[in-house]
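The structure appears below as structure tokens.
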Amino acid sequence: MAEKALEAVGCGLGPGAVAMAVTLEDGAEPPVLTTHLKKVENHITEAQRFSHLPKRSAVDIEFVELSYSVREGPCWRKRGYKTLLKCLSGKFCRRELIGIMGPSGAGKSTFMNILAGYRESGMKGQILVNGRPRELRTFRKMSCYIMQDDMLLPHLTVLEAMMVSANLKLSEKQEVKKELVTEILTALGLMSCSHTRTALLSGGQRKRLAIALELVNNPPVMFFDEPTSGLDSASCFQVVSLMKSLAHGGRTVICTIHQPSAKLFEMFDKLYILSQGQCIFKGVVTNLIPYLKGLGLHCPTYHNPADFIIEVASGEYGDLNPMLFRAVQNGLCTMAEKKSSPGKNELPAHCPTCPPELDPIESHTFATSTLTQFCILFRRTFLSILRDTVLTHLRFMSHVLIGVLIGLLYLHIGDDASKVFNNTGFLFFSMLFLMFAALMPTVLTFPLEMAVFMREHLNYWYTLKAYYLAKTMADVPFQVVCPVVYCSIVYWMTGQPAETSRFLLFSALAIATALVAQSLGLLIGAASTSLQVATFVGPVTAIPVLLFSGFFVSFKTIPTYLQWSSYLSYVRYGFEGLILTIYGMERGHLTCLDEQCPFRDPQIILRELDVEEAKLYMDFLVLGIFFLALRLLAYLVLRYRVKSER
């Protein structure tokens, strides 16, 4: 019954037939589940009827003698090569839902990464797109890769996320984009939660949203990595049904799947099964059991065929992989498929995505300019920061509360000559607090955003420079407001000179130090392979910066062989600038009630702190150089990370 239903889908009845066929075969379903499947049927049928999607060429992918090897051992001592994929050949056609299966470690994800263009170095063989050698940048624009983990920005609503995707990927009028987004959300059953933030979506909704985001520009090729991972059976059925519908709409849909249920297994059009990096079966689903039977492997009557082939590949019935490898290499799969279903798998003459005779050469340029991408990404990043309770609200409140606490602790000491060292302690702590308040939130959040950036950039949403400029500029207003709020509290409460120019310089130095610290946080976040690494490296890098700041040890007392380290401490220039701002600029004598006050004259304070010869403009200049250098270095690290992904 299920087989007939699948054939009906091929004839154009829509994947809803699958839902009804399986339901009738399994017996009477509870009314709630029946209603749910009815809704799924309606949504999936709609997924084939997109009217506003841009027209694209249908794509067939062929790979010949594909192999992949990696170097073993650490970078300083390579021990040779390890081959992960060996001599894979085959063809994935339009209008087909292809499942790549195999036990853990078989090479499924590696194989799909190579097909998608995410891995290049170490690959041998040939990949053809519509019979021509693949041009990677062009292919990346006509394909999309939906990863196993649905990395979404948590503070955007479903509709906002979709509009960002549409604005980046399409050059149409805004009304057309809105109609397209509405059509996709309706078809995928997400319209009811269009104003819900992505962090509050269920697993199935997140997966469908990840598909919807990539569907905006109607990619002819779609790659899915373990799309059913972590989902319940109903959500798994929805996702696979949706993929099948997208495939039968004229796309080539390829997914890795570990061990599907029998119901999901029958929904695939073709299988490509791997074991130990080699192919042990390729062909239509219905041909798997007869093919294995011809090789002397009999699947038990009530056993899930997907479970059986995984057990065979894992060696539970003996080491049969060499025999299966040879059978595929000798063309037994192809012969068995032609024998069992002659002419059944021929492609339809017309593809609704785009007439095959057009087959245009697509450009690899982006749909929008770099400036447009920057504006869209700036707005998205700014909105995300504004809505982030931890990153923004807590950060703002911490500056207010710490400012009040410090103001009370150092109340009215700024003009007291007997408390000069207390005041310098206040100035140093201000630099310390502003540094960590800017450094750590960036260190903690940027690695989490890296996964979203990598997915969107590799799926050709935008350029690296547009993203980085938007990320750099969007947080600047917050890095200005928070230090100014802190300075406005502590400067006056601690009784510093009541001069507007000194207050403005004090605030400017605080802002400059915070921006440099944030730049260092971006660099650490971009270079770190995980959040744990970033969390450790962030505070550790602060230790030498503080140690050579000039507060704990003056420059003259630092050993000669370590004095160069003092020039690399950006806190030194911020702290030095604050000392010059408070006690320099020809400030008059300080108030002192004691009989002896050696620090009544501010020049003595400057001499004691070894900043008498320092220039305030040089401190600003060096902080500016630090800011630009760290931002540029973070950009280069991001660029390297993107290239290393391939």
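The backbone N, Cα and C atoms fix where each Cβ goes, glycine too.
For the topological domain 'Cytoplasmic' (1-393), the model's average pLDDT works out to 79. Residues or ranges marked as topological domain 'Cytoplasmic' by Swiss-Prot on the basis of sequence analysis: 1-393 (among others).
The annotation domain 'ABC transporter' is assigned in Swiss-Prot to 61-301 on the grounds of sequence analysis.
DSSP classifies Ser109 (ATP binding site) as helix under the three-state reduction. Per Swiss-Prot, the feature ATP binding site maps to Gly102, Pro103, Ser104, Gly105, Ala106, Gly107, Lys108, Ser109.
The transmembrane segment annotation in Swiss-Prot covers 394-414 (among others).
Residues annotated as topological domain 'Extracellular' in Swiss-Prot, with sequence analysis given as evidence: 415-425 (among others). Counting only same-chain residues 6+ beyond the ends of the topological domain 'Extracellular' (415-425), those with a CB under 8 A from a CB of the stretch are 494-497, 551, 579, 582, 589-594, 597, 599-600, 605, 609.
Listed by sequence, the residues of this chain that lie at least six past the ends of the transmembrane segment (426-446) yet keep a Cβ under 8 A from its Cβ atoms are 388, 390-391, 395, 398-399, 402, 406, 410, 413, 475, 479, 482-483, 486-487, 490, 494, 510, 513-515, 517-518, 520-522, 524-526, 528, 531, 534-535, 537-539, 542, 545-546, 549, 551, 571, 574-575, 578-579, 582. Swiss-Prot lists 426-446 (among others) with the feature transmembrane segment.
For 447-472 (among others), the entry in Swiss-Prot reads topological domain 'Cytoplasmic', with the evidence type sequence analysis.
The annotation transmembrane segment is assigned in Swiss-Prot to 473-493 (among others) on the grounds of sequence analysis.
Sorting each residue of the topological domain 'Extracellular' (494-503) by its DSSP state yields 4 helix, 0 strand, 6 coil. The topological domain 'Extracellular' annotation in Swiss-Prot covers 494-503 (among others) and rests on sequence analysis.
Only residues 6 or more beyond the boundaries of the transmembrane segment (504-524), in the same chain, are considered here, and those with a CB under 8 A from a CB of the stretch are 430-431, 434-443, 446, 471-472, 475-476, 479-480, 482-484, 486-488, 491, 496, 534, 537-538, 541, 570-571, 574, 577-578, 581-582, 616, 619-620, 623-624, 626-627, 630-631, 633-634, 637. The transmembrane segment annotation in Swiss-Prot covers 504-524 (among others).
Taking Cβ pairs closer than 8 Å, the topological domain 'Cytoplasmic' (525-532) reaches residues 442-448, 450, 634, 637-638, 641 in its own chain, all 6 or more past its ends. As annotated by Swiss-Prot, topological domain 'Cytoplasmic' applies to 525-532 (among others).
What Swiss-Prot records for 533-553 (among others) is transmembrane segment, and it gives sequence analysis as the kind of evidence. Beyond its flanks by at least six residues, the transmembrane segment (533-553) meets 424, 428, 431-432, 435-436, 439-440, 443-444, 446-447, 520-521, 524-525, 562, 565-566, 568-572, 575-576, 609-611 of its own chain at Cβ-Cβ distances under 8 Å.
Under the heading topological domain 'Extracellular', Swiss-Prot lists 554-617 (among others), citing sequence analysis as support.
The transmembrane segment annotation in Swiss-Prot covers 618-638 (among others), and the record cites sequence analysis as its basis.
Same-chain residues lying 6+ beyond the ends of the topological domain 'Cytoplasmic' (639-646) with a Cβ under 8 Å from its Cβ atoms: 117-121, 450, 454, 457-458, 464, 526. As annotated by Swiss-Prot, topological domain 'Cytoplasmic' applies to 639-646 (among others).
Between the candidate binding-site residues, Gly102, Pro103, Gly105, Gly107, the densest Cβ environment within 10 Å is the one around Gly102.
For the recorded ATP site, residues Gly102, Pro103, Ser104, Gly105, Ala106, Gly107, Lys108, Ser109 set the reference point as the centre of their Cβ atoms, and the other residues of that chain within 8 Å of it by Cβ are Leu274, Ser275. Fewest Cβ neighbours within 10 Å among the binding-site residues Ser104, Ser109: this applies to Ser104. Cβ contacts within 10 Å of Ala106 (ATP binding site), excluding its own Cβ and spanning all protein chains shown: 25.
Packing around Lys108 (ATP binding site) is summarised by its Cβ count: 23 other Cβ atoms lie within 10 angstroms of its Cβ, all protein chains included.
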